[in-house]
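Chemist: As annotated in Swiss-Prot:
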type: REPEAT; residues: 5-34; note: repeat 'ANK 1'
type: REPEAT; residues: 37-66; note: repeat 'ANK 2'
type: REPEAT; residues: 68-96; note: repeat 'ANK 3'
type: REPEAT; residues: 99-128; note: repeat 'ANK 4'
type: REPEAT; residues: 130-158; note: repeat 'ANK 5'
type: REPEAT; residues: 162-191; note: repeat 'ANK 6'
type: REPEAT; residues: 195-225; note: repeat 'ANK 7'
type: REPEAT; residues: 229-258; note: repeat 'ANK 8'
type: REPEAT; residues: 295-324; note: repeat 'ANK 10'
type: REPEAT; residues: 326-355; note: repeat 'ANK 11'
type: REPEAT; residues: 359-389; note: repeat 'ANK 12'
type: REPEAT; residues: 394-423; note: repeat 'ANK 13'
Amino acid sequence: MGNEKLRKDLHRTIRTRDLNAVKHIILKKYTFSNKNALSTPLYLAVSNSDIDIVKFLLDNGADINKCKSPPLHKAINLGNVEMVKLLVDHGADIEKVYLGNSPLYLALCKRNTNITKYLLERGADPNTLFINYCDAIYNKIPIDIFKILIKYKVSLNIQNSHFKTPIYYAIKCTNYPLIKLLLENNASLTIPEGYNNHYLITAVKHNCDISILRLLIKYGVPVNEQDDLERTSLHYCVSAGKHDILKLLLDYDADPNITDSCLGTPLHYAVSRNDIIATTLLIEKGANVNIHNDTIDTVLNIAVGNRNKILINLLLMYGANTRLKSRNPLIHKALETKDINILSEILNHGAEVNIYNREGYTPLYIAIITFMQIKFAKLLLRYGSNPNMKNESNENTPLHGAILSNRLDSVELLMSYNVDVHSINKLGHTPLSCINYISDKIATIIISKIVLDLEKDSNLFLLDGFKANIECIDQNDRFKVIRKNCEDELKSIRNIKLNHRYSLSIFLHSDNNNNILIRFLNHPKVEKLSSCISIYKKYIQKTKLSSSIRYKLIHDAIEYSNNISMINSVPINVKYMIMEMLDNKDLKSIIDSVNK
């Protein structure tokens with residue numbers, strides 16, 4: 001009978017568990033020139049869990065270590081303790097790694113306490129588990145088996161090739177019982193210099209329960225540890241929106257002002273995420289709302305950029321400085337939101353209104369040329385925006401921008417602030433000459449101011465800007481007609497006499513003595529302007545309004561002064577003389593002092 005036929009018969013008898021037939025084939029018929037031929041039958045017998053056949057094969061020369069697949073691994077997978085003992089007694093290698101698995105690792109994965117204990121008793125090295133299997137074992141092994149490993153003197157501080165220790169992987173796997181067990185058995189939380197285990201940060205990044213963090217802090221993990229990016233646990237729990245952990249860390253005195261490699265604090269991350277709760281917690285625990293540098297925006301800038309009004313108000317309430325240096329000035333950031341309420345809030349808290357952005361533009365210029373609603377420009381001007389401030393790049397003024405954008409509303413607004421119509425840009429152009437075509441309405445507004453300025457100040461001829469304006473008008477027939485109309489109307493206004501000394505022209509200049517203008521407020525020719533006045537009507541009306549306001553202030557101040565003991569007995573005409581010497585601000589102070 002050929003060996004192939006005998007081999008098949010041997011495999012068949014092993015599968016049928018026929019020990020006598022196995023003995024008969026091997027002892028009587030099957031002569032082996034190569035004992036390795038019994039390796040396959042041995043593995044088959046182990047797989048069949050037939051310990052008697054396995055013992056017989058081993059006694060007759062089967063070599064455990066010649067099998068293609070280790071019989072010991074198979075026995076462990078089957079959970080056959082006696083088979084494991086038999087194989088080990090016959091020389092099975094208890095450290096042999098097959099398909100990435102050692103016998104001890106397989107026993108642990110199968111959670112077979114008996115086999116685990118036996119392998120350890122026979123000298124299996126438990127430390128190879130932590131060196132070779134990293135975090136693979138931590139979710140597979142119950143706490144009781146870890147206790148066995150500790151009993152057999154496993155090193156709790158051993159490092160694998162990544163320089164990670166068992167406690168690191170226990171934290172990574174969020175295994176509270178194991179973390180507690182390791183710490184109770186003196187696992188070290190000290191991180192050697194140059195290593196990056198960062199236990200608390202690892203706990204936060206892997207969504208550990210708050211109880212784990214509390215345990216780690218109890219055993220001495222520093223709450224302000226920083227990783228390779230110089231971030232702390234606070235940075236990571238803020239980024240993940242974990243408010244309970246954030247509160248815990250802050251209660252344990254975590255520093256909210258540590259900056260990472262990007263120079264960002266936890267507060268930067270909280271505001272960037274629009275996280276009101278985290279922002280509040282950090283500020284209440286001392287986070288600096290005014291940290292700033294050249295790398296990252298201020299927290300207030302970030303809140304404004306996010307259009308988060310709640311955060312803006314919160315930061316301002318806690319003292320955020322609206323004038324901190326940043327990559328993009330706060331006022332420009334607020335303008336970008338196109339939200340009038342945000343702009344108003346930061347202006348109300350002292351934001352610098354006359355500051356250039358990175359392109360060298362002023363806030364007022366931006367508001368005009370980007371076609372924002374006129375209320376934005378009005379607000380900026382009310383808070384002190386300089387209507388004559390030039391851009392750094394081309395030296396255009398807001399009036400240049402308004403005319404280039406053909407914005408009648410902006411031109412009218414700027415003119416009401418007595419803007420300089422003679423300002424020239426880098427190319428030598430005034431607002432009037434900076435564009436080829438201007439509408440009649442805008443041209444009339446500008447030219448009427450030029451004509452009026454000339455009447456007031458003959459030295460204008462010395463200004464380059466005035467010369468440029470006159471040259472522009474002289475080269476444009478339409479402009480010349482407008483100038484002629486302005487000159488004719490001014491002549492008509494001068495001919496409207498209010499008395500032997502003054503004409504209606506005194507109302508053309510708001511800087512004239514208001515005390516004189518007040519006397520003519522009720523004059524019929526002032527109350528009802530002539531129909532011939534159209535171009536300069538707004539100038540006169542503006543002056544009338546300011547004079548009316550001053551008249552009321554003087555009248556009210558005299559009336560309220562009757563309650564002031566020092567001057568209540570002063571004759572009324574003297575009181576008028578006194579009040580006329582005061583400016584409007586002083587008059588308001590008198591009224592307010594009595595009202596209090």
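Including glycine, each Cβ sits where the backbone N, Cα and C put it.
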Chemist: Under DSSP, the repeat 'ANK 6' (162-191) has how many residues in helix, strand and coil?
Modeler: 16 helix, 0 strand, 14 coil
Chemist: For the repeat 'ANK 10' (295-324), give the DSSP counts of helix residues, strand residues and coil residues.
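Modeler: The breakdown for the repeat 'ANK 10' (295-324) reads 16 helix, 0 strand, 14 coil.
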Chemist: Counting each residue once, how many in the repeat 'ANK 3' (68-96) are helix, strand and coil under DSSP?
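Modeler: Looking at the repeat 'ANK 3' (68-96) with DSSP, the answer is 17 helix, 0 strand, 12 coil.
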Chemist: Which residues of the chain, 6 or more past the ends of the repeat 'ANK 7' (195-225), have a CB below 8 A from one of its CBs?
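Modeler: Residues 163-165, 167-168, 171-174, 176, 179-180, 183, 189, 231-233, 236-237, 240, 242, 244-245, 248-249, 252-255, 258 contact the repeat 'ANK 7' (195-225) from elsewhere in the chain.
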Chemist: Could you tell me how many residues in the repeat 'ANK 8' (229-258) are helical, how many are strand and how many are coil under DSSP?
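Modeler: Breakdown, helix to coil: 16 helix, 0 strand, 14 coil.
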Chemist: Can you tell me how the residues of the repeat 'ANK 11' (326-355) break down into helix, strand and coil by DSSP?
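Modeler: Looking at the repeat 'ANK 11' (326-355) with DSSP, the answer is 17 helix, 0 strand, 13 coil.
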Chemist: Please indicate, using numbers and ranges, the residues of the same chain that are 6 or more beyond the repeat 'ANK 11' (326-355) and have a C-beta under 8 Å from a C-beta there.
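Modeler: For the repeat 'ANK 11' (326-355), the sequence-distant neighbours (Cβ-Cβ under 8 Å, at least 6 residues beyond its ends) are 292, 294, 297-298, 300-301, 304-305, 307, 309, 312-313, 316, 320, 362-364, 366-367, 372-373, 375-376, 379-380, 383-386, 389.
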Chemist: Helix, strand, coil: count each for the residues of the repeat 'ANK 4' (99-128), based on DSSP.
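Modeler: With helix first, then strand, then coil, the repeat 'ANK 4' (99-128) has 18 helix, 1 strand, 11 coil.
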